[in-house]
Amino acid sequence: MTASSVLLHTGQKMPLIGLGTWKSEPGQVKAAIKHALSAGYRHIDCASVYGNETEIGEALKESVGSGKAVPREELFVTSKLWNTKHHPEDVEPALRKTLADLQLEYLDLYLMHWPYAFERGDNPFPKNADGTVRYDSTHYKETWKALEVLVAKGLVKALGLSNFNSRQIDDVLSVASVRPAVLQVECHPYLAQNELIAHCHARGLEVTAYSPLGSSDRAWRHPDEPVLLEEPVVLALAEKHGRSPAQILLRWQVQRKVICIPKSINPSRILQNIQVFDFTFSPEEMKQLDALNKNWRYIVPMITVDGKRVPRDAGHPLYPFNDPY
């Protein structure tokens with residue numbers, strides 16, 4: 001039986017399986033949170049840009065707190081600072097909006113969602129006439145210093161990064177008085193992220209995998225892309241262990257001590273996704289899954305510019321995915 005959480009350098013325990021809420025529609029996410037809490041989840045991953053924190057807050061208000069089903073101190077809640085709120089003056093108001101929406105007094109973890117800043121304001125995707133994004137020059141190191149104030153004020157217990165590469169992580173560490181505790185990135189057997197995970201672990205950061213099942217429900221999905229849940233190695237292990245393909249993918253991660261936040265609104269899949277602590281893979285089975293790595297990235301935000309689909313931010317100097325890791 002594997003431990004079901006990792007210890008952050010802050011002393012907090014972070015559950016290895018959490019419920020992801022990206023692409024969970026309002027009208028569905030409240031029920032999903034309640035199903036997850038009753039299935040034993042104690043980790044919820046949110047973000048202001050997902051547009052559903054108000055409804056998540058309704059579920060938390062009904063289920064979490066003194067005299068409710070789940071004591072607040074048993075729940076680990078993550079949210080993320082969006083790109084339009086990187087200016088130091090905008091950081092605390094953005095967090096306070098998230099806290100108000102989630103109906104919480106503090107967050108367990110607050111992540112910078114991306115390394116680059118968009119133009120300030122309340123439109124999450126400010127665009128030029130040709131469809132390209134309008135950026136802001138605020139550097140993530142300035143944003144980080146503003147995030148540190150939130151810890152001092154007791155509004156956030158730990159800070160972290162999302163979609164940063166190894167060089168950018170070290171850049172943040174060079175100015176940090178509050179060290180990042182977690183890096184959240186896309187990660188699954190097709191994008192194993194071994195170098196990046198080793199880099200993080202050597203510096204005291206834990207790693208959370210988003211889209212651990214391969215994210216086949218994205219709007220910009222390519223018809224020819226590989227489908228992770230149909231990978232023959234995964235299907236063979238699922239049959240051998242009497243498990244679902246999703247459980248195979250999640251077990252591989254938790255056995256590597258990588259946190260996962262699979263998104264689901266389906267009660268039976270929500271339950272299935274946390275039932276990964278009562279079986280283990282042999283070293284040979286882990287090697288079979290490790291061998292699937294092809295550095296295949298599903299999550300590259302796309303936009304339409306002059307009628308063509310192009311990566312949204314690939315030309316930005318702080319775009320994280322041009323480096324090897």
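Quick reminder: no glycine exception, Cβ is built from N, Cα and C everywhere.
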Annotation match for N6-succinyllysine in Swiss-Prot, from Lys145, Lys157, Lys294: Lys145
Feature N6-succinyllysine, as given in Swiss-Prot - residue among Lys85, Lys127: Lys127
Least buried by Cβ count (within 10 Å) of the binding-site residues Gly11, Pro15: Gly11
Length of the line joining the Cα atoms of Ser4 (phosphoserine) and Leu19 (NADP(+) binding site), in Å: 14
Distance [Cα-Cα, Å, rounded] between Gly11 (NADP(+) binding site) and Lys80 (site 'Lowers pKa of active site Tyr'): 21
Assigned element (helix, strand, coil) containing Lys127 (N6-succinyllysine), judged by DSSP: strand
Nonlocal residues around Lys80 (site 'Lowers pKa of active site Tyr'), in sequence order (Cβ under 8 Å, 6 or more apart): Cys46, Ala47, Ser48, Val49, Tyr110, Leu111, Met112, His113, Ser162
